[in-house]
Amino acid sequence: MSFWANMKARHNLIKAFRYAGIYKTVADDRKIFPKIRSIRSEAHSTEYVFTLPGGLDPKLLNKNFFAFQQVFGTSVSLEGDVKTFLLKVFSSSLPSELTYNFETYEPLIKGLALPIIAGMDLSGNWIAFDLVKNPHILIAGETGSGKSTQLRSVLSTLIRALPPSRLELYLCDLKRSEFHLFRNVEHVRGVFVTPTSMEPVLNYLQREMRRRGDILDSREVSHIDDLEEQLPYIVLCIDEVALLQTEKKIMALVEEISAIGRALGVFLILSMQRPDRNVLDGKLKNNLTVRMGFKCADLINSRIIGTPGSEKLKESGRMLLKIPAFTELKEVQAPYLGTGEAKELLKGYRCPKPKETNTGQPEASVIDLKEVEENVFGVLDI
Ligand SMILES: Nc1ncnc2c1ncn2[C@@H]1O[C@H](COP(=O)(O)OP(=O)(O)OP(=O)(O)O)[C@@H](O)[C@H]1O
């Protein structure tokens, strides 16, 4: 790197520190910025190593990560723990479309109990994680940002990876736009499209959590994975959860799952167009440890999602990903799985015989029909 390029790079990094408030102020209002140890040009990125001045809270870096993106663009990543950090500024960008391909993911998801493929990061690595270890996902972003596509690919991967005896899916589609694809898939215990039809399901899940809690108690273990017998994982997926804002009882049950579901094998995947403080208030938001922040209107929205900087994303299918395993937000391109391709992929997983409509009999005897007054089930397709 030439002398002038190096000077410019230093200048930009100091500017980012200033924007982010990452400095100590000493006598005479002098600012002490982090010490820049090295700046290196790599094939696809420029790497900056710096150390924080003693006494500066390293959490500031993540909290104000957006400042690095304001200076260097959104294609940046930050790694480090307490004192020394590596900032990578990527020059190459990800392709705007990555075709979904389950076979590519197979080696990545080996050993993951509930595998989630988030997408590809700026270094070209696929990001896969285990929902059991990183419980409860929030997928948020403005209309057309790629939430439904991501839900489609996440659910398709789970269906391909686990047999129906190990995975039960409960799908709530309040916009009635997406989950019809998954009807009659063996893992899917129901597609619910109104709050009225959701309530009995949530009640059932609450009872099931209590039953599982009693089993754990009696066997003196703390997680269903420690039991001798295998209990299926349960995933409750709600598309556009903000439409439930006034449904206090349902939201209380959703919050209960977020609080105690992990050890009991019950997980949430929630999607939301406009992040709403009322819906995402307090406990629920904190319990959604994974956030997929697709492009959104502004910094206020991206902060509510927990992915500041995602307001700067441009492409559909692009997100800032927050998972407990990473110390920093990662920019990731989600794989693209169109509706037609998903239908094709799910063909092999549909029930041999379509489940009967209007018999009032859900395929799996999971829901107490006394609670479900409506005679509604095309496999609980209400
Ligand atoms: N991972 C992706 N890669 C490339 N293009 C994508 C991806 N995801 C979505 N798109 C493009 O963006 C369009 C909108 O995507 P999608 O329907 O998933 O958005 P959404 O956020 O669910 O919107 P809405 O909230 O209105 O339902 C898709 O039709 C597709 O053209």
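In case you wondered, yes, glycine gets a Cβ from its N, Cα and C as well.
Sequence-distant neighbours of K147 (ATP binding site) (same chain, six or more apart, CB under 8 Å from its CB) are I139, A140, G141, D239, S271, M272, Q273, F294, listed in sequence order. Taken from TrEMBL, the feature ATP binding site applies to G141, E142, T143, G144, S145, G146, K147, S148.
The feature domain 'FtsK' is assigned by TrEMBL to 124-303.
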From E142, T143, G146, which binding-site residues have a C-beta atom under 6 Å away from some atom of ligand 1?
T143, G146
Within 8 Å of the Cβ centroid of the ATP site residues G141, E142, T143, G144, S145, G146, K147, S148, which other residues of the same chain have their Cβ?
Q273, F294, K295, S316
T143, S145, S148: which of these binding-site residues has the highest Cβ count within 10 Å of its own Cβ?
S145
For the binding-site residues G141, G144, G146, the largest set of other C-beta atoms within 10 Å encircles the C-beta of G141
Average the pLDDT scores across the domain 'FtsK' (124-303) and report the rounded value.
93
